[in-house]
Ligand SMILES: NC(=O)C1=CN([C@@H]2O[C@H](COP(=O)(O)OP(=O)(O)OC[C@H]3O[C@@H](n4cnc5c(N)ncnc54)[C@H](OP(=O)(O)O)[C@@H]3O)[C@@H](O)[C@H]2O)C=CC1
Ligand SMILES: O=C(O)C(=O)[C@@H](O)[C@H](O)C(=O)CO
């Protein structure tokens, strides 16, 4: 049991733990079991989405866990096909019915879908749902500076969180700097590169040997020291625990730079460039 996770305060005052649990692909009874184990082990932030088809499993895991709803921070996301204002409102309500929760702590627009061009309308729906108490904090995913500038200009409301692909092979230096300057917390999706060969990287292995940690622990610590909030997914209780045990050591400035230097122009894992990708 590890509950000593530092906290991060968002621009609207909500606090989140500095690491959360990704739940992509955690579904059904096995998903409920994995999420319950994570909560019992100390995770307090769960990252879900309407499109993951697991909001019911998230709600069930919360009810079966040993901690109260109030101690948990639950995230879900609005899919691309429901960005029209009325659809967005219905989808947030449906998402709550699915999880059997009264509110989400954080609700995000999943992708900007710039060609469809409804993300400002969708943002207005999140703003209203927050006013009505359905959502405590509102944010986005995969938003580039141009999309964020437009939200600010047209609604005056800056997202609390921008969840983007971030790992050593795609280190997002410019997006991180933009988010920081605009007081937006960057959450890192696929923080472990979705377990691709970054987990065998020789440079990170050498750093791991120095600190007597594993490669995933070094990578997650790198996220923390970038002031990004990683949400690693694991279905294994042991790996869930390992991924929390990153607060008893620090990387040097040189080690941070070495890991960041591993970034590559073709480093994206899923070929999803938010400037062109349109999510269903
Ligand atoms: N907003 C967006 O557009 C997106 C959001 N996300 C969110 O981000 C979360 C995390 O990203 P995800 O794509 O799942 O990828 P991650 O980078 O979190 O990697 C998950 C993979 O790493 C393995 N793993 C986890 N911990 C360890 C460890 N300590 N040692 C070895 N292997 C490990 C897992 O296997 P195992 O389960 O067997 O441990 C799984 O195969 C998602 O689950 C989702 O919530 C993801 C993509 C896009
Ligand atoms: O998992 C998510 O949140 C997504 O947005 C997906 O598109 C994911 O990135 C993926 O690669 C699905 O194959």
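Cβ atoms here come from the backbone N, Cα and C positions, even for glycine.
Taking a C-beta cut-off of under 8 Å and a sequence gap of six or more, residue 52 (active site, proton donor) has these contacts in its own chain: 23, 24, 25, 26, 27. In the three-state DSSP assignment, the secondary structure recorded for residue 52 (active site, proton donor) is helix. The active site, proton donor annotation in TrEMBL covers 52.
Listed in sequence order, the residues of the same chain lying 6 or more apart from residue 110 (substrate binding site) and placing their CB within less than 8 Å of its CB are 49, 50, 51, 77, 78, 79, 80, 141, 142, 279. If you look up TrEMBL, you'll see 110 marked as substrate binding site.
Residues or ranges marked as domain 'NADP-dependent oxidoreductase' in TrEMBL: 32-262.
The site 'Lowers pKa of active site Tyr' feature in TrEMBL is assigned to 77.
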